[in-house]
Amino acid sequence: MKTLLLTLVVVTIVCLDLGYTLKCNQLIPPFYKTCAAGKNLCYKMFMVAAPKVPVKRGCIDVCPKSSLLVKYVCCNTDRCN
């Protein structure tokens, strides 16, 4: 019985994702996605002319540079975008 219990515990630990996974909002904030490995930033992209209306949100590995037309805001905590 102890062997079976130990086996179940080991299988559970191996199957679980024990690493930290970041969660980022999608375009509509109540919905979010779990970022893939290596994507350790959340981002929000919006047009400079309309800064209150995000155009795109998601996970990214490196924060892109903003331009005259498009601005990116990046962060590294769950659902911070």
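Cβ atoms here come from the backbone N, Cα and C positions, even for glycine.
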C74 - recorded disulfide partner, Swiss-Prot, among C63, C80: C63
Residue among C42, C75 that, according to Swiss-Prot, closes a disulfide with C24: C42
Disulfide-bonded cysteine for C35 as listed in Swiss-Prot, from C59, C75: C59
Residues that sit under 8 angstroms from C80 (disulfide bond) by C-beta distance, when 6+ apart in the chain: C24, C42
Distance from C35 (disulfide bond) back to C74 (disulfide bond), taken between C-alpha atoms, in Å: 14
Same-chain residues at least 6 apart in sequence whose Cβ lies under 8 Å from C63 (disulfide bond): L41, Y43, Y72, C74
